[in-house]
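Straight from TrEMBL, the features:
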- 103-573: domain 'Amidase' (DOMAIN)
- Lys155: active site, charge relay system (ACT_SITE)
- Ser230: active site, charge relay system (ACT_SITE)
- Ser254: active site, acyl-ester intermediate (ACT_SITE)
Amino acid sequence: NGKTINYSLGYYGNISRPKHNIADKEPPFSESSAIMSFLASREKLQEATQKKQKEVKAALNRLEGALSDGGEVLTEERLAILALPPESLLQQLKAGHVTPTTVLKAFQAKAIVVTYRINCITEFIPQAETWASALEGKGPNSGSLPLYGLPVSIKDNFQVQGLDTTQGLAKCLYQSATCHSTLVQTLLSQGAIPFCKTNVPQTLFSYRCSNPVWGETLNPFSPQRTSGGSSGGEGALIGGGGSCLGLGSDTGGSIRIPAHFCGVVGIKPTSARLSSKGLRKGVRGCVGIESAPGFLGSDVSIVVTGLRAMLDGGPMMELDPGLPPLTWRNQIYEDIRPLTIGWYEDDNLFPVTPGCRRAVHEARQALKATGHHLVQFTPPAVDHAWKLITSCFSADQGRNVMSMWENEETDSAVEDNLRLLAAPRFVKAVKKHMIHRKSPLLAELLSSGTARSHQLWRALGDRQDYINDFLNAWKSQHLDVVLCPAFPMPAPPPSYPTKIMAASITTCLYNLLDFPAGVVPVTRENDDDQTKLQHYPTNDLMFQLVKEATLGATGLPIGVQIVGLPWQEEMVCRVMMELQESLKASKAVKVVN
């Protein structure tokens, strides 16, 4: 499970030793100790990685052997369970027609098949069978739990007791969590069975899902494409049918990008709506770009069920008293009044490909068919928002991420970003000047405008002004939600995300604003989209790369975003559900005709 790792000395391998007298037994202390310490550290990390990979492979083989018992892992009974829509499966579980253990084994079997193909699982959770058996032993009343017996996959950066929380870093191996994260505890209390942990990019700092510990996760629709990140393992596993509900986190689109790339549903709530206790974030202490835990799922209904289960009746708010006491408001979700929905296909900063533009058009038509009023909306000054985003992300000059990378084998998915972060300020300034003509968007990533605390404070004040301007524009049109692209392109090949970081403005805008946002799959890239791609603009190097990366993307999923005001997750979920049902009805009519 994972790719072959080739460790090199990197910078230290090129050090020329000073000349000493032949009688000297050792080189000067400072150089020798630094290099030997570095090598020892590297060796230990390499040994830990290889040891863990062998252990995980052996555990996977044991699980596969137990599930197959000399036959196929995907039996007819298990395939029948996997074919059920998630809500129907929950009904079957609660009615006692299938047992939690039977359903768990079906998803374990499918997840093994999926991960052999696209490498999306880091580890299976060994306690899962114990939890399933315990549910069965509790008697008929346990069937009233909202997630009774439902297997749920967990992103690597959530603590699960007894397992590592690695972020794809070798230094985090063999440091198992002593307790569950609050959301994992709440899932268990609501009857769910966490059954596996899923892959992430190294340090979570990419929307390509790859790291030297667990390898690269590929797209379930095309192994030549990325699954996205940082919840890439979740998106790939659910898109491949190996899970129907997964726990993820989102700092700049980390739930929504994999959902869009892998053809699944995802939701990023307002940052404090769900607990982040026991969630390891990519950049600890970062302010201005709000990270939020959320869900990915195979359809909107199961994502809504998961979100509602966290907010109603579970121990989440008791375990994390800092959360607002805001339970699920069903009256908002089930409201039937027509809404005013703003929409845009282009944010006037980063153009979207023809297929992604068409997806917004099809979603507009579907929502209009349900009786909603659609009005065009222009998000204000997105170029200014991008400057604020880069200012907040670069405020520590990359020191947090650099410390995580220390002595680690650097994954190619994040290597270019590492070089940018590691460069001295004057080097960044020179590079920014040189790059600006080819790519103003990339040049902005090299900004060092928040190196001092007073500069960060000013940026945070500007952020609040921008939020107020955005809210004023929203309220001036009396909008309930906004419909917009989920991302500027379908899933690219793995080599592109590190070169096109600015594409994440489409999702990261709503982390800057801290607005809830969800993704619903709408369509697939078609031949007509590919033909129209020739007219895609190329006046920025990143746009040229998007055009190049989208060639050959026929058949890949394309979604849209539904965005709401802060704390209005129920409204976002309502529109997501109505969009999904309207699209289904439209497709059914086309089939009949």
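Yeah, the Cβs are placed from backbone N, Cα and C, and that goes for glycine too.
Cα of the residue listed as 'active site, acyl-ester intermediate' to Cα of Ser230 (active site, charge relay system): a span of 5 Å. When the Cα atoms are compared, Ser230 (active site, charge relay system) and Lys155 (active site, charge relay system) turn out to be 9 Å apart.
For the domain 'Amidase' (103-573), the model gives a mean pLDDT of 94. All chains included, 34 other C-beta atoms sit within 10 angstroms of the C-beta of Ser230 (active site, charge relay system). The Cβ of Lys155 (active site, charge relay system) lies under 8 Å from the Cβ of Lys197, Thr198, Val200, Ser230, Ser231, Gly233, Glu234, Gly246, Leu247, Gly248, Ser249, each on the same chain and at least six residues away in sequence.
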